[in-house]
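Novice: Supplied in structure tokens, the structure appears directly below.
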Amino acid sequence: MTKDVRVGKPSHSAKLIGANRCTLGCASGRFWKTLSSVVGGLLALGIGLLTSVYLATLHENDLWFSNIKEVEREISFRTECGLYYSYYKQMLQAPTLLQGFHGLIYDNKTESMRTINLLQRMNIYQEVFLSVLYRVLPIQKYLEPVYFYIYTLFGLQAVYVTALYITSWLLSGTWLSGLLAALWYVTNRTDTTRVEFTIPLRENWALPFFAIQIAAITYFLRPNLQPLSERLTRLAIFLSTFLFSLAWQFNQFMMLLQALVLFILDSLDMLPAVKATWLYGIQISCLLLVCTLQFFNAMILGSLLISFNLSVLIVRKLQKNLKTGTFLTRIGKLLLHLLLVFCLTLLLNNIIKRILNLKSDEHIFKFLKAKFGFGATRDFDANLYLCEEAFGLLPLNTFQRLSETLLFYAYVFVLLVTVTTALVVAFHNLSDSASPQPTGQTRKCAVDLKPEAAYNLIHTLLFGVLALSTMRMKYLWISHMCVFASFGLCSSEIWELLLRLLHLCNPKRIWVMRYSVPILTLLYLCCKSWPGMMDELSELKEFYDPDTVELMDWISSNTPRKAVFAGSMQLLAGVKLCTGRTLTNHPHYEDKSLRERTQAVYQIYAKRSPEEVHSLLRSFGADFVILEDSICYERRHQRGCRLRDLLDIANGHEMDGPGESDPDLRPADHPRFCEEIKRNPPSYAAHFTRVFQNKTFHVYKLSRNK
């Protein structure tokens with residue numbers, strides 16, 4: 001029996017079998033990839049919604065919000081939160097939408113004796129939009145206005161977490177990374193969000209759109225995108241940047257850091273210059289559009305961001321062949337480029353501010369100058385920020401909390417690897433640049449850092465510096481920390497690099513490390529955090545502030561509707577929300593004349609004569625003044641940072657209490673007003689009559705005599 005053995009060429013049937021297997025294998029691969037994407041997408045939506053429900057439940061359990069009176073609900077919106085919510089309430093109470101808009105554009109109740117355009121001064125378009133939506137939708141019978149408002153904010157938290165999840169997924173290539181990022185966000189809730197107790201704050205509206213923007217930029221920076229995908233991604237970046245800018249007055253400072261990220265990466269050839277230009281342009285166009293909607297708000301036109309972006313684009317055009325030459329030549333060109341951009345930015349910004357006579361943001365620069373040690377200051381506004389814990393350095397116990405969930409350890413590990421990689425890539429790009437590289441391409445290096453990973457690396461570094469210097473900004477950094485750490489643990493590139501260094505690299509080991517480490521981390525987080533989260537959800541509290549409730553009820557019942565009230569800006573925001581009375585000042589501090597007015601009103605806590613205080617308050621049309629014992633006898637801050645100390649320093653008076661004062665400060669000629677008025681001597685009684693008091697507040701009516 002013979003066998004026909006053919007060597008070299010496969011039979012026709014063998015070719016067909018191989019082709020069929022390839023087709024089946026490709027189809028099977030596509031199926032599992034699609035299934036994985038569907039599962040990952042559903043998990044993103046699910047964990048976003050669960051986070052929203054979790055935070056809403058904590059808010060309800062902390063205040064028993066569903067069972068307290070309307071005035072108590074409104075009082076729970078403390079400080080500027082109450083001011084913003086009052087405009088939502090004002091729009092709903094207006095007889096028509098047109099009258100509501102007119103009341104916001106020609107407002108004379110937020111600042112007495114002035115008519116201001118609230119849509120120009122403040123970022124309250126979100127309140128306008130929600131009030132219109134509530135009036136239009138058929139939900140009035142089923143949902144109270146306050147619940148429509150807070151549920152919208154908690155719903156945005158679902159968007160926020162989903163966007164963080166997607167960003168991490170895009171960076172790592174696996175939705176397991178997104179799941180880990182979302183879980184880290186929830187388990188580090190103390191340091192990632194404060195929405196459950198500061199619901200109407202502008203950042204709670206803005207940060208979800210900021211997260212969407214970062215996700216869109218991460219996708220946009222991927223190489224070789226299809227033209228349609230790139231156009232749609234640019235649209236997503238534009239819309240999210242626009243909504244972020246519209247929702248928060250500090251948008252320009254956050255986007256300035258983003259522009260610095262682009263500038264650094266573009267200068268080091270780690271980002272396609274064309275895409276950087278698109279992003280600069282989107283930032284400028286979004287700010288100009290917001291400026292138009294805010295009736296040409298001068299603070300936006302005078303922002304450093306617009307000046308910086310224009311300077312980068314101008315200098316890039318003037319300084320040709322920036323990315324060619326030897327290493328030393330490139331370094332010299334970069335230093336010159338940096339100097340030109342910096343000088344032109346300051347020049348443009350100074351010219352714009354002089355043309356517009358802009359002084360609205362000068363308090364921020366005074367604060368920054370004093371904070372970073374460029375001379376001590378006695379400026380009241382700057383010291384007011386310096387003495388607030390939220391504007392101080394990030395406390396070290398923050399890192400202890402982050403370490404308990406392994407987030408900080410994972411972040412430092414990923415940061416060390418990616419920073420080292422970035423330095424190697426940057427050195428290679430600067431060294432090997434004798435000729436310009438083709439547009440959109442990067443040279444091969446022993447290690448590689450994708451543009452989207454490089455962007456998120458510099459982003460987390462710059463926002464980390466911001467958070468370390470200003471505690472209030474930790475929410476931007478630590479939420480991105482969750483994204484960056486989870487990306488690193490699930491990144492095949494990072495594990496490949498480490499295993500290659502250990503001479504243990506093969507695809508199987510990379511796969512094992514890429515999935516085993518995040519899965520073990522997820523199991524640890526679940527075991528550690530689940531009992532604590534259940535305890536939080538089972539802990540029931542109740543809102544209790546009887547003194548403030550009594551004050552608001554008294555004002556509503558015993559004062560004219562057109563009465564003007566003076567007092568601390570935090571309390572007056574609640575007065576406007578709960579009673580609708582007119583204010584002398586309020587917490588939205590981005591206006592020079594308002595800051596001067598606030599300092600004048602605060603003389604009620606300084607060492608001034610009753611005649612001086614009465615004259616100041618009457619100059620603003622005040623009919624009543626509210627004194628708070630918690631401010632007059634403050635013990636929360638140390639000496640030198642109490643409100644009364646800041647006023648004494650600004651007035652040139654020595655401070656109270658043990659301790660030294662600056663030698664040029666002099667003893668005051670009068671006792672402290674808020675203390676002396678309670679004794680009711682004749683000189684005070686001639687100008688002020690006490691009409692209400694409880695354990696916390698004292699209300700005095702001002703006499704009409706001059």
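Heads up, the Cβ atoms here are built off N, Cα and C, so glycines get one too.
What TrEMBL says about a protein is an automatic prediction, not a curated fact.
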Novice: Of 38-57, 138-157, 258-277, which span is tagged transmembrane segment by TrEMBL?
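Specialist: Within the set 38-57, 138-157, 258-277, TrEMBL attaches transmembrane segment to 38-57.
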Novice: What residues in the same chain, six or more past the boundaries of the transmembrane segment (510-527), come closer than 8 Å to it by Cβ-Cβ distance?
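Specialist: Cβ under 8 Å, 6 or more out: 174, 176-177, 179-180, 183-184, 187, 405-406, 410, 486, 489-492, 495-496, 499.
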Novice: Same chain only, please: residues at least 6 beyond the ends of the transmembrane segment (38-57) with a C-beta under 8 Å from a C-beta of the stretch. Say none if there are none.
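Specialist: Tertiary neighbours of the transmembrane segment (38-57) are 150-151, 154-155, 157-162, 165-166, 169, 174-175, 178-179, 182-183, 185-186, 189, 193, 195-196, 533, 537.
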Novice: Are there residues at least six beyond either end of the transmembrane segment (205-221) with Cβ under 8 Å to its Cβ atoms? List them, or say none.
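Specialist: Same-chain contacts beyond the flanks: 126, 153, 156-157, 159-160, 163-164, 166-167, 170-171, 230, 233-234, 236-237, 240-241, 243-244, 247-248, 251, 254, 271-272, 275, 278-279, 450-452, 455-456, 459, 475-476, 479-480.
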Novice: Thinking of Cβ pairs under 8 Å, which stretch from 169-185, 286-314, 334-352, 406-427 has the most of them with the transmembrane segment (477-498)?
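Specialist: Most contacts with the transmembrane segment (477-498): 169-185.
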Novice: Any residues 6+ beyond the ends of the transmembrane segment (169-185) with a Cβ under 8 Å from its own?
Specialist: 36-37, 39-41, 43-44, 47-48, 51, 161, 192-193, 215, 218-219, 222, 405, 407, 452-453, 456, 479, 482-483, 485-487, 489-492, 514-515, 518-519, 521-522, 525-526
Novice: Is the transmembrane segment (334-352) packed against any residues at least 6 beyond its ends, judged by a Cβ distance under 8 Å, and which are they?
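Specialist: For the transmembrane segment (334-352), the list is 263, 267, 301-302, 304, 306-308, 310-312, 314-315, 318-319, 322, 358, 430.
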